[in-house]
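**Student:** According to TrEMBL, the record shows the following:
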TRANSMEM  34-55  transmembrane segment
TRANSMEM  232-252  transmembrane segment
TRANSMEM  259-277  transmembrane segment
TRANSMEM  315-336  transmembrane segment
TRANSMEM  356-379  transmembrane segment
TRANSMEM  452-479  transmembrane segment
TRANSMEM  500-522  transmembrane segment
TRANSMEM  562-585  transmembrane segment
TRANSMEM  597-621  transmembrane segment
TRANSMEM  637-657  transmembrane segment
Amino acid sequence: MGNERPHYYGKHGTPQKYDPTFKGPIYNRGCTDVICCVFLLLAIVGYVAVGIIAWTHGDPRKVIYPTDSRGEFCGQKGTKNENKPFLFYFNIVKCASPLVLLEFQCPTPQICVEKCPDRYLTYLNARSSRDFEYYKQFCVPGFKNNKGVAEVLRDGDCPAVLIPSKPLARRCFPAIHAHKGVLMVGNETTYEDGHGSRKNITDLVEGAKKANGVLEARQLAMRIFEDYTVSWYWIIIGLVIAMVMSLLFIILLRFLAGIMVWVMIIMVILVLGYGIFHCYMEYSRLRGEAGSDVSLVDLGFQTDFRVYLHLRQTWLAFMIILSILEVIIILLLIFLRKRILIAIALIKEASRAVGYVMCSMLYPLVTFFLLCLCIAYWASTAVFLSTSNEAVYKIFDDGPCPLTAKTCNPETFPSSNESRLCPNARCQFAFYGGESGYHRALLGLQIFNAFMFFWLANFVLALGQVTLAGAFASYYWALRKPDDLPAFPLFSAFGRALRYHTGSLAFGALILAIVQIIRVILEYLDQRLKAAENRFAKYLMTCLKCCFWCLEKFIKFLNRNAYIMIAIYGTNFCTSARNAFFLLMRNIIRVAVLDKVTDFLFLLGKLLIVGSVGILAFFFFTHRIRIVQDTAPPLNYYWVPILTVIIGSYLIAHGFFSVYGMCVDTLFLCFLEDLERNDGSAERPYFMSSTLKKLLNKTNKKVAES
């Protein structure tokens with residue numbers, strides 16, 4: 001039985017041979033992929049240098065507090081703008097650029113003002129009216145009315161037009177539907193002022209609409225923040241419930257794996273069935289109500305998501321999605337019913353392994369902590385880089401001037417030699433950025449920041465996978481379980497991974513990070529090409545995105561199994577990846593029968609925990625539990641805490657089940673290695689437990705039947 005070798009073994013490497021000295025993870029090993037380790041250390045040093053440079057030049061206060069074109073904060077005590085807390089933009093159209101999100105600045109002159117404009121005025125009409133004193137407060141400080149209209153607008157001393165605006169986050173955003181001045185929408189959009197004159201400002205209105213989109217998004221963000229402030233306590237309770245359910249589920253799997261798996265399957269089907277029933281009841285209840293038959297397309301995007309719950313089409317869509325999911329799961333269960341019985345045996349063995357290495361359940365906390373450090377460093381560096389831009393002023397002159405386009409200082413320019421050389425020249429705001437090499441390299445530094453984040457995050461995940469694989473491999477290759485199990489298998493595996501295989505982990509993480517940064521660049525290019533009408537370019541971009549998505553999934557799969565081989569044998573990354581891939585290919589039938597079925601069962605376990613906690617959160621935050629009906633906080637959007645609890649519950653459940661998943665994958669590879677090394681005889685006994693021996697008999701029967 002154990003000596004049978006399929007005919008395709010030769011195509012996928014040579015099977016492992018019997019080695020009487022092999023007793024599990026090799027302790028006498030050497031360092032692997034040292035060059036990659038050196039590259040990682042150098043990259044980290046460079047990353048720290050980039051962070052220090054960014055922290056030196058950037059100012060994160062610009063994210064919260066607005067600054068004018070000269071870099072002075074609005075409303076800060078002890079400054080000349082102390083009584084001017086709001087920021088006013090001369091040309092709001094330029095604030096609709098996507099680069100504003102990256103630079104936190106609009107490429108237009110901006111000044112601090114006491115209050116936002118509350119009326120519509122043009123500079124041309126205000127100049128010859130009593131409103132000019134009001135208008136002047138929105139001109140640059142120190143403005144003197146000693147120029148012509150064209151010169152004032154050319155030099156950027158005053159905005160061409162004022163429109164009613166509302167302050168948000170201390171910034172003035174236009175109110176499209178203003179009562180002062182009539183907004184006309186026809187073949188072209190115009191405003192009419194109090195003097196009967198018209199001005200074509202289609203571009204301004206389009207830019208204002210986009211800016212109002214930002215305004216509505218920020219209002220939505222503020223309402224969401226308010227919901228978090230009153231519901232955070234209950235959100236934490238929901239996440240604690242999810243953690244307790246996950247831990248209880250794992251403990252029950254340790255003793256009642258078979259029963260728990262079937263209970264889990266039935267509960268998932270029941271939870272989805274209730275979801276379908278609830279959607280149908282809501283769909284029926286809205287029948288005949290006014291406005292409930294409006295389609296989602298006609299309604300469009302609304303920041304108040306509660307509006308969608310009053311549409312029958314919304315509940316119909318939910319019901320269809322849940323029904324499709326229910327049918328898919330039932331069909332999979334019908335076709336995989338025999339294989340599920342086999343997978344349960346593997347889960348039982350994984351439960352025993354986790355039970356003997358119980359501290360492995362706490363290791364996701366280490367991974368979570370290290371990932372939080374990576375995210376915090378990346379986010380802070382990105383913010384400091386984004387706030388490093390400065391206002392750049394250039395010399396402009398309509399006549400021949402050798403200093404045109406040279407950088408200047410608007411405060412010292414009037415008394416400088418440049419102004420004497422070119423009397424008609426003016427020092428005018430040009431753009432946000434900088435003239436130094438650092439400012440020209442900002443985009444590259446942002447890309448490097450994102451790349452290093454991917455590399456370090458993947459390295460942290462790889463370290464966790466190798467550590468868990470080493471601990472669970474020690475369990476499998478212990479001939480007398482648990483007597484031959486090392487004293488501290490998890491800590492020993494962690495020490496071996498850092499001491500000998502930092503380079504290999506860096507190598508695998510580097511390959512994955514390169515693919516991920518390419519995907520980010522493709523997404524960026526796709527956003528830039530959305531306005532293009534070139535169908536071939538769109539088709540090519542879609543194909544590239546799909547190919548690199550598939551490549552990322554394959555590399556993750558290959559890395560995971562390579563890390564298991566590294567934990568066992570201590571070989572370098574390429575050798576481990578090749579051996580793992582060939583081992584799986586030599587046993588492709590068993591891979592299809594067992595490995596993926598267990599992944600499916602773990603997915604059902606996550607859905608059960610998430611669905612249960614999600615339903616409980618839904619009934620609580622919608623005041624449908626009578627016992628605690630008055631306890632639930634009042635909310636703007638009750639979906640905010642519900643969605644947070646659902647996402648958090650999934651992450652918590654994923655953290656617990658990831659340990660189980662790594663255990664199953666490790667035991668499965670060790671199981672395949674055991675089959676190739678040994679034959680079950682007294683001279684070459686199997687290391688597998690009695691449970692896995694039964695599993696072997698069942699899989700051999702299925703192979704013979706096929």
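Each residue, glycine too, has its Cβ placed from N, Cα and C.
Help me see these features in their spatial surroundings.
**Tutor:** Here the transmembrane segment (232-252) has long-range neighbours at 260, 264, 354, 361, 605, 608-610, 612-613, 616-617, 620-621, 632-633, 641, 644-645, 648-649, 652-653, 655-657, 660, meaning same-chain residues at least 6 beyond its ends whose C-beta is under 8 angstroms from one of its own.
Counting same-chain residues at least six beyond the ends of the transmembrane segment (259-277), those with a Cβ under 8 angstroms from any Cβ of the stretch are 249, 252-253, 318-319, 322-323, 325-326, 329-330, 333, 340, 344, 347, 601, 604-605, 607-608, 611-612, 615.
Here the transmembrane segment (356-379) has long-range neighbours at 51, 247, 250, 449-450, 452-453, 456-457, 460-461, 463-464, 467-468, 471-472, 475, 481-482, 485, 489-490, 655-656, 658-659, 663, meaning same-chain residues at least 6 beyond its ends whose C-beta is under 8 angstroms from one of its own.
For the transmembrane segment (452-479), the residues of the chain that approach it from at least six positions outside its boundaries are 22-25, 40, 43-44, 47, 352-353, 356-357, 360, 363-364, 366-367, 370-371, 374-375, 377-378, 485-486, 489-490, 492-494, 496-498, 501, 505-506, 508-510, 512-513, 516-517, 559-560, 563-564, 566-568, 659, 662-663, 665-667, 670-671, 674, 685, 687-688, judged by C-beta separation under 8 angstroms.
Within the same chain, residues 29-40, 447, 450-451, 454-456, 458-459, 461-463, 466, 541, 544-545, 548-549, 551-552, 555-556, 559, 562-563, 566, 570, 572-574, 576-577 sit at least 6 positions outside the transmembrane segment (500-522) and bring their C-beta atoms closer than 8 Å to a C-beta of that stretch.
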**Student:** Sequence-remote contacts (6 or more beyond its ends) of the transmembrane segment (597-621), Cβ cut-off under 8 Å?
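**Tutor:** That would be 231, 234, 238, 241-242, 245-246, 249, 261, 264-265, 267-268, 271-272, 274-275, 329, 332, 336, 339-340, 342-343, 346-347, 628, 632, 635, 638, 641-642, 645-646, 649-650, 653-654, 657, 660-661, 664.
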**Student:** The transmembrane segment (562-585): which same-chain residues, six or more beyond its ends, come within Cβ distance under 8 Å?
**Tutor:** 8, 11-13, 24-26, 29-30, 32-33, 36, 462, 465-467, 469-470, 473, 477, 493, 496-497, 500-501, 503-505, 507-508, 591, 665-666, 669-670, 672-673, 676
**Student:** Should anything in the same chain at least six residues away from the transmembrane segment (637-657) have a Cβ under 8 Å from its Cβ atoms, list it; otherwise answer none.
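**Tutor:** Answer is 223-224, 227-228, 231, 234-235, 238-239, 242-243, 245-247, 249-250, 304-306, 361, 364, 368, 602, 605-606, 609-610, 613-614, 617-618, 621-622.
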